[in-house]
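**Student:** Provided herewith is a single structure, encoded as structure tokens, for subsequent inquiry.
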Amino acid sequence: MIVIPAIDLKDGQCVRLRQGLMEDTTVFSSNPIEMATQWVEQGARRLHLVDLNGAFEGRPVNSTSITEIVSAFPDLPVQIGGGIRNIKIANTYIEAGVSYLIIGTMAVTDSEFVSELCREFPNKVIVGLDANNGFVATKGWVQKTNLNVVDLSKKFEQDGINSIIYTDIARDGMMQGMNVEAIVNLAKQISIPIIASGGITNIGDIIRLLTEVHFGIMGVITGRAIYEGTLDFKQAQQLCDEN
């Protein structure tokens with residue numbers, strides 16, 4: 001299992017939101033590439049970048065910061081989400097060197113878009129599903145749906161997506177611990193690898209996930225915990241490597 005540092009971009013700055021609310025923002029750095037360098041120097045094997053403005057506006061907004069990071073670390077896999085709403089945008093990111101495209105809202109509202117992306121960019125598409133009490137939310141978590149996250153995930157098994165990022169909205173940015181039960185429940189019922197996200201607080205969450213890693217949990221995304229220091233990134237990755 002790999003530990004993936006999150007770099008959430010808003011107005012060119014590195015921030016974290018609480019429960020996906022744009023008005024509840026903490027700025028951790030005004031220099032995203034400096035932030036990326038810090039995690040790379042600590043041994044990050046992948047970076048998770050999110051264009052928060054893009055997620056809300058439906059188009060790339062922080063693409064300059066994203067391409068700068070990708071260019072600075074050409075051998076490092078980078079996954080990007082937020083505002084990827086058509087093939088042209090996806091192609092621009094792939095040509096810039098992005099390794100994986102994260103599709104959130106469009107995966108829920110237009111499943112054919114995911115199928116098309118998978119045909120165009122094999123093994124480079126990650127579906128990001130944000131859920132609250134087992135039901136999917138879209139449009140930067142603003143819009144709740146009546147779609148069950150397990151049922152929706154199963155629909156992507158035939159497309160050949162790389163993985164699913166499962167984020168528990170109720171826990172994200174709240175530093176209350178991960179909802180491991182919900183993550184494992186999803187992982188058990190689908191064949192697609194899972195990247196867990198939302199609520200990681202300390203090394204205890206890593207330990208709990210590692211006991212369930214055989215169900216197909218390939219990675220965990222962490223943001224606020226590594227920025228506020230309640231989780232030591234190097235220690236977390238070392239623990240994963242030893243198990």
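Yeah, the Cβs are placed from backbone N, Cα and C, and that goes for glycine too.
Among the features that Swiss-Prot reports, active site, proton acceptor is placed at Asp8, with the record citing sequence analysis. Here Swiss-Prot flags Asp130 as active site, proton donor.
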**Student:** With an 8 Å cut-off on Cβ-Cβ distance and a minimum sequence separation of at least 6, pull the same-chain contacts of Asp8 (active site, proton acceptor), or say none.
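**Tutor:** Result: Cys14, Val15, Arg16, Leu17, Leu49, Val50, Leu52, Gly223.
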**Student:** So for Asp130 (active site, proton donor), how many other CB atoms are inside 10 Å of its CB?
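**Tutor:** A 10 Å sphere around the Cβ of Asp130 (active site, proton donor) contains 25 other Cβ atoms.
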**Student:** Sort Asp8 (active site, proton acceptor) into helix, strand or coil using the DSSP assignment.
**Tutor:** strand
